[in-house]
Amino acid sequence: MASGFSLTGGRPRCYAFWQDVQKCFLTADEPRTQCAPFKADYFECLHHTKELARASIIAHQANVVRAQELAEQARLEKEGKSLAVGAVLSRGTPTEEAAAA
């Protein structure tokens, strides 16, 4: 964990954060409160909890937007109109499209 050596002999990915935590604990008057940000950074490096939470929120928002787009597309198709969502529906020129309609 904090030995300074990884399985392959190099430095572990979170070792720099661990060194910051150690340095803070050695020099701080109130390590519990003063070193909390360093400890939080080290734990984030180890477990990626904040990163995973952010990714989950972004994925949820993307799903909500996609569901709204699909609902809007279904509503317009029901009314006889069409809505292109991220796709090219025809390759024709505007005059060819008007003649076809």
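Each residue, glycine too, has its Cβ placed from N, Cα and C.
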If you consult TrEMBL, the disulfide counterpart of Cys24 among Cys35, Cys45 turns out to be Cys35
Among Cys14, Cys24, all listed as disulfide-bonded residues, which has the most CB atoms within 10 Å of its CB?
Cys14
